[in-house]
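What TrEMBL lists as transmembrane segment is 16-37, 49-67, 87-105, 143-161, 168-191, 211-233, 245-263, 286-305, 326-349, 369-388.
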Amino acid sequence: MAPAGNRIALIDGLRGYFLVLMMSSHLAFQGGAWALKLHHSQFAFVEDAQGFVFLSGLVVGLTYARILAKRGPDVLWDKASARVGELYRMVLLTLAVVMTMLFLVPDAARIWGWQLGKLAQSPADNLGAAAAMLYQPAYLDILPQYMIYLLAAPFIVRATASGHGLRVMAISGAIWFMAQIGLQMPLVEAAEAGLASVVPGGTLRAFFNPMAWQLLFVSGLVLGAAAASGRLSADAILGPKHRDLALIALGVVALFAGLRIVHGEGALDGALGERFYKLLRREDLSLSYVVNFAALGYGVAWILHNAQEATTPRAVALLGRGLRRFFALPFLVFLGRHSLQVYAFHVIVAYGVGAIDWHFGPFDEPSKTAIIIAAVASLGIPAAWHAANQRRDLAARQVKVA
(Lines of atoms letter the chains of each structure in order from A and count residues from 1; the text may use other names and numbers.)
(Lines give C-alpha, C1' and ligand atoms only; values in the text may rest on other atoms or scores of the structure.)
Protein backbone atom coordinates (compact mmCIF):
# COMPACT_ATOMS: atom_id res chain seq x y z
CA MET A 1 0.00 0.00 0.00
CA ALA A 2 1.01 3.54 -0.56
CA PRO A 3 2.19 5.64 2.29
CA ALA A 4 -0.50 7.57 4.06
CA GLY A 5 0.68 10.84 2.56
CA ASN A 6 0.02 9.63 -0.98
CA ARG A 7 -3.47 8.39 -0.27
CA ILE A 8 -6.84 10.04 -0.60
CA ALA A 9 -8.30 10.19 2.90
CA LEU A 10 -11.84 10.19 1.55
CA ILE A 11 -11.33 6.77 -0.07
CA ASP A 12 -9.80 5.39 3.12
CA GLY A 13 -12.72 6.79 5.10
CA LEU A 14 -15.19 5.13 2.76
CA ARG A 15 -13.42 1.80 3.16
CA GLY A 16 -13.48 2.26 6.91
CA TYR A 17 -17.21 2.97 6.73
CA PHE A 18 -17.82 -0.25 4.83
CA LEU A 19 -15.71 -2.18 7.33
CA VAL A 20 -17.75 -0.81 10.24
CA LEU A 21 -21.00 -1.77 8.56
CA MET A 22 -19.57 -5.16 7.60
CA MET A 23 -18.76 -5.73 11.25
CA SER A 24 -22.28 -4.86 12.32
CA SER A 25 -23.82 -6.92 9.51
CA HIS A 26 -22.02 -10.04 10.71
CA LEU A 27 -23.11 -9.71 14.33
CA ALA A 28 -26.03 -11.95 15.24
CA PHE A 29 -28.16 -11.71 18.37
CA GLN A 30 -31.10 -13.72 19.62
CA GLY A 31 -34.16 -11.74 18.61
CA GLY A 32 -32.11 -9.43 16.41
CA ALA A 33 -30.96 -5.95 17.39
CA TRP A 34 -32.50 -2.59 16.61
CA ALA A 35 -29.09 -0.93 16.17
CA LEU A 36 -28.20 -3.35 13.37
CA LYS A 37 -31.02 -1.90 11.26
CA LEU A 38 -29.10 1.38 10.94
CA HIS A 39 -27.70 0.34 7.61
CA HIS A 40 -27.94 1.63 4.05
CA SER A 41 -28.95 -1.84 2.84
CA GLN A 42 -32.39 -1.20 4.38
CA PHE A 43 -32.98 1.14 1.43
CA ALA A 44 -30.88 -0.35 -1.36
CA PHE A 45 -29.67 -3.63 -2.79
CA VAL A 46 -26.17 -2.39 -2.03
CA GLU A 47 -24.12 -4.03 0.70
CA ASP A 48 -20.81 -3.42 2.40
CA ALA A 49 -19.00 -6.11 0.43
CA GLN A 50 -19.78 -4.41 -2.89
CA GLY A 51 -18.36 -1.08 -1.80
CA PHE A 52 -15.36 -2.70 -0.13
CA VAL A 53 -14.41 -4.74 -3.21
CA PHE A 54 -14.84 -1.77 -5.56
CA LEU A 55 -12.82 0.61 -3.38
CA SER A 56 -10.11 -2.01 -2.89
CA GLY A 57 -9.76 -2.19 -6.67
CA LEU A 58 -9.67 1.61 -6.86
CA VAL A 59 -6.86 1.85 -4.28
CA VAL A 60 -4.86 -0.91 -6.00
CA GLY A 61 -5.28 0.87 -9.33
CA LEU A 62 -4.12 4.21 -7.93
CA THR A 63 -1.17 2.62 -6.14
CA TYR A 64 0.01 0.22 -8.83
CA ALA A 65 -0.20 2.79 -11.62
CA ARG A 66 2.13 5.09 -9.68
CA ILE A 67 4.53 2.20 -9.07
CA LEU A 68 4.41 1.31 -12.77
CA ALA A 69 5.32 4.88 -13.75
CA LYS A 70 8.16 5.20 -11.23
CA ARG A 71 9.67 1.71 -11.03
CA GLY A 72 8.49 -0.28 -14.03
CA PRO A 73 6.30 -3.36 -14.61
CA ASP A 74 8.52 -5.98 -12.97
CA VAL A 75 8.02 -4.41 -9.56
CA LEU A 76 4.24 -4.69 -9.96
CA TRP A 77 4.33 -8.47 -10.19
CA ASP A 78 6.70 -8.72 -7.22
CA LYS A 79 4.42 -6.50 -5.16
CA ALA A 80 1.24 -8.36 -6.14
CA SER A 81 2.69 -11.81 -5.49
CA ALA A 82 4.11 -10.72 -2.12
CA ARG A 83 0.72 -9.27 -1.20
CA VAL A 84 -1.04 -12.50 -2.16
CA GLY A 85 1.37 -14.46 0.03
CA GLU A 86 0.68 -12.10 2.92
CA LEU A 87 -3.08 -12.47 2.45
CA TYR A 88 -2.87 -16.25 2.31
CA ARG A 89 -0.98 -16.28 5.60
CA MET A 90 -3.72 -14.03 6.98
CA VAL A 91 -6.38 -16.49 5.79
CA LEU A 92 -4.56 -19.41 7.44
CA LEU A 93 -4.07 -17.50 10.69
CA THR A 94 -7.72 -16.46 10.84
CA LEU A 95 -8.84 -19.99 10.02
CA ALA A 96 -6.55 -21.36 12.75
CA VAL A 97 -8.06 -19.00 15.33
CA VAL A 98 -11.61 -19.90 14.30
CA MET A 99 -10.87 -23.63 14.43
CA THR A 100 -9.25 -23.22 17.85
CA MET A 101 -12.43 -21.50 19.02
CA LEU A 102 -14.42 -24.42 17.58
CA PHE A 103 -12.56 -26.85 19.85
CA LEU A 104 -12.48 -24.65 22.95
CA VAL A 105 -15.93 -23.03 23.05
CA PRO A 106 -18.73 -25.22 24.45
CA ASP A 107 -21.52 -25.97 21.92
CA ALA A 108 -19.41 -24.37 19.18
CA ALA A 109 -20.74 -26.68 16.46
CA ARG A 110 -24.29 -25.58 17.29
CA ILE A 111 -23.40 -21.90 17.67
CA TRP A 112 -21.61 -21.63 14.34
CA GLY A 113 -23.36 -24.44 12.49
CA TRP A 114 -24.27 -22.53 9.34
CA GLN A 115 -21.16 -20.34 9.39
CA LEU A 116 -18.76 -23.29 9.45
CA GLY A 117 -20.92 -25.93 7.77
CA LYS A 118 -18.96 -29.16 7.34
CA LEU A 119 -16.04 -27.69 9.24
CA ALA A 120 -18.23 -27.83 12.34
CA GLN A 121 -19.54 -31.33 11.56
CA SER A 122 -16.29 -33.04 10.58
CA PRO A 123 -13.37 -30.60 10.91
CA ALA A 124 -10.61 -33.13 10.29
CA ASP A 125 -12.07 -34.15 6.92
CA ASN A 126 -12.64 -30.61 5.68
CA LEU A 127 -9.77 -28.60 7.16
CA GLY A 128 -7.53 -29.26 4.15
CA ALA A 129 -10.19 -27.99 1.75
CA ALA A 130 -10.65 -24.91 3.93
CA ALA A 131 -6.89 -24.26 3.98
CA ALA A 132 -6.91 -24.56 0.18
CA MET A 133 -9.78 -22.04 0.18
CA LEU A 134 -12.07 -24.54 -1.55
CA TYR A 135 -14.43 -24.71 1.43
CA GLN A 136 -14.83 -21.23 2.88
CA PRO A 137 -16.26 -20.42 6.32
CA ALA A 138 -18.74 -17.56 6.46
CA TYR A 139 -17.29 -14.03 6.67
CA LEU A 140 -13.86 -15.12 5.39
CA ASP A 141 -14.89 -15.20 1.75
CA ILE A 142 -13.66 -11.86 0.41
CA LEU A 143 -9.94 -12.56 0.91
CA PRO A 144 -9.72 -15.64 -1.41
CA GLN A 145 -11.29 -13.80 -4.35
CA TYR A 146 -9.23 -10.70 -3.57
CA MET A 147 -6.09 -12.80 -3.97
CA ILE A 148 -7.21 -13.91 -7.44
CA TYR A 149 -7.87 -10.33 -8.47
CA LEU A 150 -4.50 -9.16 -7.18
CA LEU A 151 -2.70 -11.67 -9.40
CA ALA A 152 -4.44 -10.15 -12.42
CA ALA A 153 -3.94 -6.55 -11.27
CA PRO A 154 -0.44 -5.95 -12.76
CA PHE A 155 -1.63 -6.92 -16.24
CA ILE A 156 -4.81 -4.85 -15.96
CA VAL A 157 -2.94 -1.80 -14.69
CA ARG A 158 -0.41 -2.02 -17.52
CA ALA A 159 -3.19 -2.38 -20.08
CA THR A 160 -5.10 0.58 -18.63
CA ALA A 161 -2.02 2.79 -18.44
CA SER A 162 -1.38 1.94 -22.11
CA GLY A 163 -4.85 3.17 -23.08
CA HIS A 164 -6.73 -0.14 -23.16
CA GLY A 165 -8.99 0.43 -20.17
CA LEU A 166 -12.21 0.14 -22.19
CA ARG A 167 -11.09 -3.20 -23.61
CA VAL A 168 -10.37 -4.42 -20.10
CA MET A 169 -13.86 -3.39 -19.01
CA ALA A 170 -15.39 -5.13 -22.01
CA ILE A 171 -13.60 -8.36 -21.09
CA SER A 172 -14.64 -7.96 -17.45
CA GLY A 173 -18.25 -7.43 -18.50
CA ALA A 174 -18.13 -10.53 -20.69
CA ILE A 175 -16.79 -12.62 -17.78
CA TRP A 176 -19.56 -11.23 -15.55
CA PHE A 177 -22.16 -12.20 -18.17
CA MET A 178 -20.73 -15.72 -18.41
CA ALA A 179 -21.18 -16.02 -14.65
CA GLN A 180 -24.81 -14.95 -14.97
CA ILE A 181 -25.64 -17.76 -17.38
CA GLY A 182 -23.59 -20.33 -15.50
CA LEU A 183 -20.84 -21.11 -18.01
CA GLN A 184 -18.52 -21.80 -15.09
CA MET A 185 -20.67 -24.66 -13.76
CA PRO A 186 -18.94 -27.52 -15.66
CA LEU A 187 -15.62 -26.43 -14.11
CA VAL A 188 -17.21 -26.13 -10.67
CA GLU A 189 -18.76 -29.58 -10.96
CA ALA A 190 -15.46 -31.09 -12.11
CA ALA A 191 -13.58 -29.47 -9.23
CA GLU A 192 -16.19 -30.67 -6.76
CA ALA A 193 -15.99 -34.21 -8.12
CA GLY A 194 -12.20 -34.10 -7.77
CA LEU A 195 -12.48 -32.89 -4.19
CA ALA A 196 -15.04 -35.58 -3.37
CA SER A 197 -12.63 -38.23 -4.67
CA VAL A 198 -10.09 -37.10 -2.08
CA VAL A 199 -12.43 -36.12 0.77
CA PRO A 200 -15.52 -38.34 1.10
CA GLY A 201 -18.54 -36.08 0.76
CA GLY A 202 -16.30 -33.09 0.11
CA THR A 203 -17.91 -30.08 -1.54
CA LEU A 204 -16.91 -26.61 -2.63
CA ARG A 205 -18.26 -23.68 -0.65
CA ALA A 206 -18.09 -19.98 -1.45
CA PHE A 207 -20.50 -17.14 -0.81
CA PHE A 208 -19.29 -15.09 -3.79
CA ASN A 209 -18.81 -16.06 -7.43
CA PRO A 210 -15.38 -14.59 -8.29
CA MET A 211 -16.25 -14.49 -12.00
CA ALA A 212 -19.14 -12.16 -11.21
CA TRP A 213 -17.69 -10.07 -8.39
CA GLN A 214 -14.53 -9.30 -10.35
CA LEU A 215 -16.64 -6.72 -12.20
CA LEU A 216 -16.55 -4.48 -9.12
CA PHE A 217 -12.84 -4.88 -8.45
CA VAL A 218 -11.85 -4.46 -12.10
CA SER A 219 -14.06 -1.37 -12.45
CA GLY A 220 -12.34 0.24 -9.50
CA LEU A 221 -8.94 -0.95 -10.69
CA VAL A 222 -9.38 0.54 -14.16
CA LEU A 223 -10.71 3.85 -12.80
CA GLY A 224 -7.84 4.11 -10.33
CA ALA A 225 -5.16 3.19 -12.86
CA ALA A 226 -6.62 5.54 -15.49
CA ALA A 227 -6.72 8.41 -12.98
CA ALA A 228 -3.18 7.82 -11.70
CA SER A 229 -1.75 7.52 -15.21
CA GLY A 230 -3.37 10.77 -16.33
CA ARG A 231 -5.86 9.17 -18.72
CA LEU A 232 -8.93 10.14 -16.70
CA SER A 233 -9.81 13.05 -14.45
CA ALA A 234 -12.54 13.21 -11.85
CA ASP A 235 -14.05 16.24 -13.59
CA ALA A 236 -14.38 14.28 -16.82
CA ILE A 237 -16.91 11.92 -15.23
CA LEU A 238 -18.11 13.81 -12.14
CA GLY A 239 -17.96 17.47 -13.14
CA PRO A 240 -20.89 19.90 -12.72
CA LYS A 241 -21.84 19.40 -16.38
CA HIS A 242 -22.94 15.86 -15.51
CA ARG A 243 -25.71 17.00 -13.18
CA ASP A 244 -28.39 15.44 -15.38
CA LEU A 245 -26.61 12.08 -15.26
CA ALA A 246 -26.42 12.34 -11.47
CA LEU A 247 -30.15 13.08 -11.33
CA ILE A 248 -30.88 10.01 -13.44
CA ALA A 249 -28.66 7.91 -11.17
CA LEU A 250 -30.44 9.20 -8.07
CA GLY A 251 -33.78 8.49 -9.72
CA VAL A 252 -32.70 4.89 -10.19
CA VAL A 253 -31.62 4.84 -6.54
CA ALA A 254 -35.08 6.05 -5.50
CA LEU A 255 -36.71 3.30 -7.58
CA PHE A 256 -34.58 0.62 -5.97
CA ALA A 257 -35.21 2.12 -2.52
CA GLY A 258 -38.93 1.62 -3.06
CA LEU A 259 -38.40 -1.95 -4.21
CA ARG A 260 -36.10 -2.65 -1.25
CA ILE A 261 -38.63 -1.35 1.27
CA VAL A 262 -41.43 -3.41 -0.27
CA HIS A 263 -39.10 -6.43 -0.38
CA GLY A 264 -38.24 -5.91 3.29
CA GLU A 265 -41.94 -5.99 4.17
CA GLY A 266 -42.33 -9.25 2.25
CA ALA A 267 -44.83 -7.63 -0.10
CA LEU A 268 -42.92 -7.95 -3.37
CA ASP A 269 -44.92 -10.79 -4.85
CA GLY A 270 -46.99 -11.67 -7.88
CA ALA A 271 -45.67 -11.26 -11.42
CA LEU A 272 -43.45 -8.32 -10.42
CA GLY A 273 -41.81 -10.26 -7.62
CA GLU A 274 -41.32 -13.33 -9.80
CA ARG A 275 -39.54 -11.31 -12.47
CA PHE A 276 -37.54 -9.17 -10.06
CA TYR A 277 -36.17 -12.02 -7.97
CA LYS A 278 -34.78 -13.66 -11.08
CA LEU A 279 -32.42 -10.68 -11.24
CA LEU A 280 -31.55 -10.74 -7.53
CA ARG A 281 -28.80 -13.26 -6.85
CA ARG A 282 -26.27 -11.84 -4.42
CA GLU A 283 -23.66 -14.58 -4.88
CA ASP A 284 -23.60 -13.95 -8.63
CA LEU A 285 -23.80 -10.14 -8.34
CA SER A 286 -26.83 -10.21 -10.60
CA LEU A 287 -28.11 -7.29 -12.65
CA SER A 288 -30.17 -5.64 -9.91
CA TYR A 289 -27.12 -5.43 -7.64
CA VAL A 290 -24.93 -4.05 -10.43
CA VAL A 291 -27.39 -1.36 -11.51
CA ASN A 292 -28.25 -0.30 -7.97
CA PHE A 293 -24.57 -0.12 -6.97
CA ALA A 294 -23.59 1.81 -10.09
CA ALA A 295 -26.42 4.31 -9.63
CA LEU A 296 -25.84 4.83 -5.91
CA GLY A 297 -22.08 4.95 -6.34
CA TYR A 298 -22.25 7.53 -9.11
CA GLY A 299 -24.84 9.65 -7.33
CA VAL A 300 -22.88 9.77 -4.07
CA ALA A 301 -19.58 10.35 -5.90
CA TRP A 302 -21.10 13.28 -7.82
CA ILE A 303 -22.44 14.84 -4.63
CA LEU A 304 -19.09 14.45 -2.87
CA HIS A 305 -17.13 15.82 -5.83
CA ASN A 306 -19.34 18.88 -6.32
CA ALA A 307 -19.91 19.79 -2.68
CA GLN A 308 -17.76 22.93 -3.04
CA GLU A 309 -19.03 24.03 -6.46
CA ALA A 310 -20.92 27.33 -6.55
CA THR A 311 -23.38 25.93 -9.10
CA THR A 312 -24.39 23.01 -6.89
CA PRO A 313 -27.84 23.43 -5.30
CA ARG A 314 -27.49 24.50 -1.66
CA ALA A 315 -29.16 21.42 -0.17
CA VAL A 316 -26.99 19.09 -2.25
CA ALA A 317 -23.84 21.04 -1.36
CA LEU A 318 -24.68 20.84 2.35
CA LEU A 319 -25.26 17.10 2.02
CA GLY A 320 -21.96 16.69 0.18
CA ARG A 321 -20.00 18.65 2.77
CA GLY A 322 -21.64 16.68 5.56
CA LEU A 323 -20.74 13.39 3.90
CA ARG A 324 -17.17 14.57 3.35
CA ARG A 325 -16.80 15.42 7.03
CA PHE A 326 -18.29 12.08 8.04
CA PHE A 327 -16.06 9.98 5.78
CA ALA A 328 -13.05 12.01 6.94
CA LEU A 329 -13.56 10.90 10.56
CA PRO A 330 -10.10 9.82 11.80
CA PHE A 331 -11.34 6.43 13.03
CA LEU A 332 -12.84 5.53 9.64
CA VAL A 333 -9.75 6.74 7.77
CA PHE A 334 -7.49 4.77 10.13
CA LEU A 335 -9.46 1.56 9.57
CA GLY A 336 -9.46 2.11 5.82
CA ARG A 337 -5.67 2.46 5.71
CA HIS A 338 -5.30 -1.00 7.27
CA SER A 339 -8.41 -2.52 5.75
CA LEU A 340 -7.36 -6.10 5.06
CA GLN A 341 -5.97 -6.63 8.56
CA VAL A 342 -9.17 -5.15 9.97
CA TYR A 343 -11.25 -7.36 7.71
CA ALA A 344 -9.54 -10.55 8.92
CA PHE A 345 -9.90 -9.48 12.56
CA HIS A 346 -13.60 -8.72 12.19
CA VAL A 347 -14.21 -12.38 11.32
CA ILE A 348 -12.91 -13.47 14.73
CA VAL A 349 -14.96 -10.80 16.50
CA ALA A 350 -18.13 -11.87 14.67
CA TYR A 351 -17.67 -15.48 15.74
CA GLY A 352 -16.83 -14.40 19.29
CA VAL A 353 -19.95 -12.24 19.66
CA GLY A 354 -22.07 -15.14 18.40
CA ALA A 355 -20.67 -17.33 21.17
CA ILE A 356 -21.22 -14.65 23.83
CA ASP A 357 -24.84 -14.20 22.78
CA TRP A 358 -25.42 -17.97 22.76
CA HIS A 359 -24.06 -18.54 26.26
CA PHE A 360 -25.05 -15.32 28.03
CA GLY A 361 -27.97 -13.95 26.00
CA PRO A 362 -30.54 -12.99 25.16
CA PHE A 363 -29.53 -9.42 25.92
CA ASP A 364 -31.72 -6.34 26.13
CA GLU A 365 -31.39 -3.62 23.49
CA PRO A 366 -29.00 -1.35 25.45
CA SER A 367 -26.70 -4.32 26.09
CA LYS A 368 -26.80 -5.32 22.43
CA THR A 369 -25.97 -1.76 21.41
CA ALA A 370 -23.03 -1.70 23.84
CA ILE A 371 -21.72 -4.99 22.42
CA ILE A 372 -22.03 -3.64 18.87
CA ILE A 373 -20.13 -0.46 19.80
CA ALA A 374 -17.43 -2.51 21.53
CA ALA A 375 -17.11 -4.80 18.50
CA VAL A 376 -16.73 -1.83 16.16
CA ALA A 377 -14.24 -0.14 18.49
CA SER A 378 -12.16 -3.33 18.63
CA LEU A 379 -11.44 -2.95 14.91
CA GLY A 380 -8.89 -0.34 15.91
CA ILE A 381 -6.74 -3.09 17.46
CA PRO A 382 -5.52 -4.72 14.21
CA ALA A 383 -5.24 -1.29 12.57
CA ALA A 384 -2.99 -0.05 15.39
CA TRP A 385 -0.95 -3.26 15.31
CA HIS A 386 -0.39 -3.01 11.55
CA ALA A 387 0.44 0.70 11.76
CA ALA A 388 3.04 -0.06 14.44
CA ASN A 389 4.55 -2.79 12.27
CA GLN A 390 4.75 -0.39 9.33
CA ARG A 391 6.56 2.19 11.48
CA ARG A 392 9.04 -0.43 12.70
CA ASP A 393 9.68 -1.65 9.16
CA LEU A 394 10.22 1.91 7.95
CA ALA A 395 12.63 2.64 10.80
CA ALA A 396 14.56 -0.56 10.07
CA ARG A 397 14.89 0.36 6.39
CA GLN A 398 16.10 3.85 7.26
CA VAL A 399 18.72 2.43 9.62
CA LYS A 400 19.85 -0.02 6.94
CA VAL A 401 20.19 2.77 4.36
CA ALA A 402 22.09 4.96 6.82
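Cβ atoms are placed via backbone N, Cα and C, with glycine included.
Note that this is a predicted model, so its numbers are computed, not measured.
Spatially, the transmembrane segment (143-161) is not adjacent to the transmembrane segment (369-388); fewer than three Cβ-Cβ distances between them are under 8 Å for residues at least 6 apart in sequence. The highest tally of CB pairs under 8 A with the transmembrane segment (211-233), across 49-67, 168-191, 245-263, 286-305, 369-388, is held by 49-67. Among the listed stretches 87-105, 168-191, 245-263, 286-305, 369-388, the one sharing the most Cβ pairs under 8 Å with the transmembrane segment (49-67) is 286-305.
Scored by C-beta pairs under 8 angstroms, the transmembrane segment (369-388) has its highest count with 326-349, from the stretches 87-105, 168-191, 286-305, 326-349.
As a quick check, the transmembrane segment (326-349) and the transmembrane segment (245-263) miss the bar of 3 or more Cβ pairs under 8 A, pairs 6 or more apart, so the two do not touch. It is 286-305 that, among the stretches 87-105, 168-191, 286-305, forms the most Cβ pairs under 8 Å with the transmembrane segment (245-263). Long-range contacts of the transmembrane segment (286-305) within the same chain: residues 10, 44-46, 50-51, 54, 176, 180, 212, 215-216, 234, 238-239, 242-243, 245-246, 249-250, 252-253, 256, 276, 279-280, 316, 319-320, 323-324, 327, each at least 6 residues beyond the stretch ends and with a Cβ under 8 Å from a Cβ of the stretch.
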